[in-house]
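Copied over from Swiss-Prot:
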type	residues	note
MOD_RES	Ala2	N-acetylalanine
REGION	2-81	region 'Interaction with ZWINT'
REGION	2-317	region 'Interaction with RINT1'
MOD_RES	Ser3	phosphoserine
MOD_RES	Ser12	phosphoserine
COILED	14-130	coiled coil
MOD_RES	Lys777	N6-acetyllysine
Amino acid sequence: MASFVTEVLAHSGRLEKEDLGARISRLTRRVEEIKGEVCNMISKKYSEFLPSMQSAQGLITQVDKLSEDIDLLKSRIESEVRRDLHVSTGEFTDLKQQLERDSIVLSLLKQLQEFSTAIEEYNCALTEKKYVTGAQRLEEAQKCLKLLKSRKCFDLKILKFLSMELTIQKQNILYHLGEEWQKLIVWKFSPSKDTSSLESYLQTELHLYTEQSHKEEKTPMPPISSVLLAFSVLGELHSKLKSFGQMLLKYILRPLASCPSLHAVIESQPNIVIIRFESIMTNLEYPSPSEVFTKIRLVLEVLQKQLLDLPLDTDLENEKTSTVPLAEMLGDMIWEDLSEYLIKNCLVYSIPTNSSKLQQYEEIIQSTEEFENALKEMRFLKGDTTDLLKYARNINSHFANKKCQDVIVAARNLMTSEIHNTVKIIPDSKINVPELPTPDEDNKLEVQKVSNTQYNEVMNLEPENTLDQHSFSLPTCRISESVKKLMELAYQTLLEATTSSDQCAVQLFYSVRNIFHLFHDVVPTYHKENLQKLPQLAAIHHNNCMYIAHHLLTLGHQFRLRLAPILCDGTATFVDLVPGFRRLGTECFLAQMRAQKGELLERLSSARNFSNMDDEENYSAASKAVRQVLHQLKRLGIVWQDVLPVNIYCKAMGTLLNTAISEVIGKITALEDISTEDGDRLYSLCKTVMDEGPQVFAPLSEESKNKKYQEEVPVYVPKWMPFKELMMMLQASLQEIGDRWADGKGPLAAAFSSSEVKALIRALFQNTERRAAALAKIK
């Protein structure tokens with residue numbers, strides 16, 4: 001092979017292009033022969049797995065020698081071409097291009113040689129457990145294969161064999177690295193399937209082995225460092241750390257953040273550090289943020305020292321050592337989940353429920369800052385402020401949100417509690433809240449301007465006739481205990497707003513308004529069935545609404561000078577809600593009244609129109625209907641007794657009794673024929689109503705106090721006097737009827753129209769001259 005170059009160099013003077021072409025052709029054929037032999041060797045080695053080490057070494061020697069010859073020949077050709085450009089430049093250029101193609105083929109053969117060498121060195125390193133060296137050799141082989149694939153000069157089948165071999169060896173080293181990782185990082189768990197119990201936590205352990213391994217190349221490394229760097233070289237470090245981080249979160253950090261009694265214990269033994277748990281009794285329902293930060297910081301400090309602060313040599317050949325920020329890498333993977341968990345399971349429970357405790361929260365903010373600074377020093381966190389600290393610093397907003405949420409939840413619980421548990425309200429009743437604070441100094445002048453007027457001389461402005469002190473008080477009645485507590489909650493919340501920041505005060509104020517909006521929507525829906533069926537609950541609900549409306553009239557006025565300035569311009573009012581509550585209570589009670597009226601009329605419909613009372617069956621039916629009506633009214637009188645205010649009670653009972661009496665009057669006046677016996681029996685039925693009707697007016701539990709209202713029945717029952725006149729007519733003579741008519745000026749004329757009186761006379765008396773004369777007087 002050397003003779004080729006010798007002959008070329010021996011020529012002096014002008015190089016014959018024909019002779020040069022012949023020599024290049026012979027050189028090209030030789031390159032193709034070597035290429036075939038190399039490909040055959042590669043195929044046998046990686047496809048047929050035949051031992052061919054000696055043959056490969058011989059081929060390598062031949063390739064190197066041939067490469068030197070080509071370089072010398074190419075240099076000589078270039079000098080000849082430059083010297084003899086006037087002689088067939090194109091032909092020499094073609095020869096040069098052919099020679100360059102041969103050079104490319106030889107360079108690819110060198111890449112094959114380097115690939116084979118890298119695989120051999122990798123196998124040796126893997127046998128000696130030099131994982132970093134092995135990983136680096138695999139990466140070198142990967143680069144060689146990538147270069148080979150970029151050129152289209154080789155058989156694709158051979159490249160496929162090489163790719164398969166590289167994949168197998170990479171999976172092989174990853175398997176060995178995984179086994180080493182499991183030996184160095186050991187998790188121990190409870191055999192129980194319930195991994196969230198305290199007993200399960202106490203059996204969880206993390207073992208970190210720190211034993212020194214033998215030297216890898218020049219620099220001694222701990223096994224963990226060697227394994228981590230090998231993972232890094234292979235591009236698998238991120239996934240391995242992510243898996244470790246998720247387990248760290250699940251089995252160590254989250255339990256420490258959620259369980260107040262759980263504490264981390266660090267045990268240092270020769271070549272091993274153990275992280276486990278112990279339980280310390282505590283009365284805390286939720287963990288203190290400061291304690292949680294301390295416990296988590298302890299665990300992360302151990303991990304930083306034993307695992308994440310190891311020197312990882314990324315360039316062993318040049319002896320340049322740079323520390324890979326493993327702590328920062330792990331922090332990026334777990335911090336978002338960890339901080340969110342700390343907020344939801346720790347910080348959120350530390351938010352004060354009272355504005356007076358907001359100053360104490362500064363300690364938690366400070367401990368949060370110290371916790372984050374410690375993590376930044378350990379490189380778990382970067383320099384920016386995280387969501388955890390932002391959450392802690394935004395305490396005013398969180399306090400307001402939590403307070404508003406607690407208020408709404410408490411209010412809804414009161415609204416969905418039983419209505420029938422009542423308390424008695426009297427005009428002197430007051431809401432049980434602390435005394436309101438005096439207005440701020442800035443507002444005192446305003447108060448004086450509003451309430452005090454300076455006069456040059458003393459004047460007596462007191463009116464001669466004063467109102468009763470209870471003129472604007474709510475009348476005595478019974479309301480639901482839950483509604484009384486609801487109003488106390490509203491007052492307490494507004495009182496809290498007077499000592500809170502402006503933002504918080506506004507939120508609390510509108511939370512109180514939301515309470516009443518919620519009442520308007522929830523109570524009629526939640527208690528709908530009971531309000532329709534039970535008259536007592538309808539009356540209580542009516543009182544509840546009137547009680548709330550009564551307080552809403554002055555609620556905003558009481559606090560208007562003590563709330564935030566933004567609320568003191570007239571927006572701090574609840575008066576706009578008053579009509580809605582009055583309408584809500586009135587509609588519910590009127591619906592119950594309509595239902596009771598319907599029942600009364602239904603019972604009276606079974607009286608067979610009060611006709612033919614001489615028939616025993618008809619009389620019995622009419623008597624039963626009257627008794628049922630009176631019984632219903634008495635029952636209502638009892639269930640509404642001491643519940644409704646006296647005036648509402650009397651109006652309601654008067655309306656219902658008036659409905660029954662009106663129906664009876666209408667039925668009797670519609671009769672066309674009333675015999676003497678019929679008249680007597682009708683009178684008897686009416687006498688029963690007249691005697692027992694007043695007894696339904698019993699608004700008070702003390703019977704002696706009800707006599708006054710029973711004597712005032714005509715005031716509440718418009719048809720009471722016409723009913724008495726009807727009874728008189730059933731027993732009176734024509735003369736007595738005429739006297740009570742008194743030419744349209746008597747009591748009978750006030751109760752009935754002339755046509756109604758004439759109809760009754762025709763029904764009661766036979767057609768005689770006396771009846772005709774009496775009818776003639778009724779005009």
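Every residue, even glycine, has its Cβ placed from backbone N, Cα and C.
Non-local contacts of Lys777 (N6-acetyllysine) by the CB criterion (under 8 A, 6+ apart in sequence, same chain) comprise Gly738, Trp741, Asp743. For the region 'Interaction with ZWINT' (2-81), the model's average pLDDT works out to 60. Under DSSP, the residue listed as 'N6-acetyllysine' is assigned to a helix (H, G or I) in the three-state scheme.
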